[in-house]
Amino acid sequence: MPTINIYKWRLLNELKISETQLEDLLFNLKSEMKPIDQDHIEIEINNDRPDLLFVYGIIRSIKGLLKKELGEPRYSVKDTDYVFEIKEVPSRPYALAAVVEDIKFDDELLKELIQFQEKLHITVGRKRKKIAIGLHDLKKIDSKHIIYTTVNLDYKFIPLNSDKEMSVREILESTPQGKEYGNISLLDGKMPAIMQDDGQILSLPPVINSEKTRINSKTQSLFIDVTGTSLDTVIFTLDVIVTNLAEMGGKIGRIKVISPYVDNSPLLQHKSIKITAEYINKILGTNLNKNEIIEYLKMARFDVNDLGKEIEVIIPPYRNDILSQIDITEEVAITYGYNNLSPTPYKIEKIGSLSDRTKLIRVLRDLSVGGGFTEIFTFTLISESLLLGDFVKILNPITVDYNSVRNSLLPSILIFLSKNQHARMPIRVFEIGDVVIRNENTETGYSNKLNAAYAIMNSRVSFEELQAPLHEILNSLGINPIYKRDTNPLFIEGRTASIYANNKKIGIIGEINPNILEKIDIEYPIVMSEIYLDEIKDIL
């Protein structure tokens, strides 16, 4: 987890608390501190709280715990004359900016601001690959029209910590920042650049700023730019920075943005989550009334609307860790106090045993191996191009080959078979594993289901070659299956059946459609079946 070094007296004086109290309060924020020297402490911050990577973010949260301030802070935001024009930058397409004025720095606070910038680079920014931040002295910018564009490698400016003009190529090849970050956004001999409308470069993201706009302890106004590959992350990062600076008295300035995605920035976006007192009390084992819960949520620095049966919680723009009702419940637990949650003695009156689910898996595994099948284990993630129906898609996949969560075991097994066509035929395999399917009755709208799947691949194979051993396996479980003709785009029409038991559908079986096989470059015919083990468990 990230750590920050801060001047402890700022915290203690602002909050008017002792060092021991500070340690206890930080623990409530899932953070820990240890002394560095007489004036400084190191604080370990939880990964999901980038808003606490700056001293004033910590002060904001602790003021809530101490009830010195309740609800979301109100920040002064005014429109400015600055314009930020976004050109096409293929390697790093998103950029936003803001102005913060009336800031008072000292040497310690300036160090902590630069530390905040670098910690955001490492955590949220994934070492500047996802986002990069530029901090500029606003008074040193000569124009109110700033442009985000690309420049070629011969373009020159004076980089930070230098007194001579250098070309972009020289900066990438000779400076420490250029060597470490230069290749991140270099594309076709061009680099992203933020410049004045007269062509003077202010920043070369994600590498280095210009010496022209260097900040120091006398800086009173900042121009902040954030560039990146994810618009949502760029928006959030800028919101986190400006709200932290506003906590130290800064006035946020809104900038007009010329871009295809936003008209101005910062956006300071809010979202809301509705929750009930019953839900919170059920999770925490408490008996808090609605008014008490509202008070605890305000201590967590949330605004709250009483909707009668429900409570609407307004999530501040700097809290991207609040995703669902369970996160709201955790915030109530923090402000209520974990030490105030009474543990309930749990009496175990019988010895442990295997669950029905585990027993079924073990028996089915033995029967399947006895039926001549080899067990395989495939990835839960798969390409969306191989899935049918409703499925969960990953927001930030590393690769398109694993951008979705499977809703069936069959596509995963087909991928396995496509990579093993060189093996000796026939190939008879099975897999027992979880799939994720649509379920409107759950909080997320999806739920896990346990399935088993079987496949036979050979130079010649038929429906009956799998039906016979599968029938024996199901019979051995105490299931008397009935097969009814059905259709499914994965299988050949007329060679497909749904499997029923006790008037409940428990699976499907069929010969794979040749068009599907051709799509994934399989040269052999395949017959497959998928069994819904949760349905079987209910029958047994």
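Just so you know, glycine gets a Cβ as well, placed from its N, Cα and C.
Marked as Mg(2+) binding site by Swiss-Prot: ASP321, ASP327, GLU330, GLU331. Annotation for ASP327 (Mg(2+) binding site): same-chain Cβ neighbours under 8 Å, separated by at least 6 residues, are ILE273, ASP321.
Helix, strand and coil counts from DSSP across the domain 'B5' (268-343) read 33 helix, 16 strand, 27 coil. Summarising the annotation, Swiss-Prot assigns domain 'B5' to 268-343.
For the binding-site residues ASP321, GLU330, GLU331, the largest tally of other C-beta atoms within 10 A is found at GLU331. The average per-residue pLDDT of the prediction over the domain 'B5' (268-343) is 95, rounded to a whole number. Cβ proximity to the Mg(2+) site centre (mean Cβ of ASP321, ASP327, GLU330, GLU331, cutoff 8 Å) flags the following additional same-chain residues: ILE322, ILE326, ILE328, THR329, ILE334.
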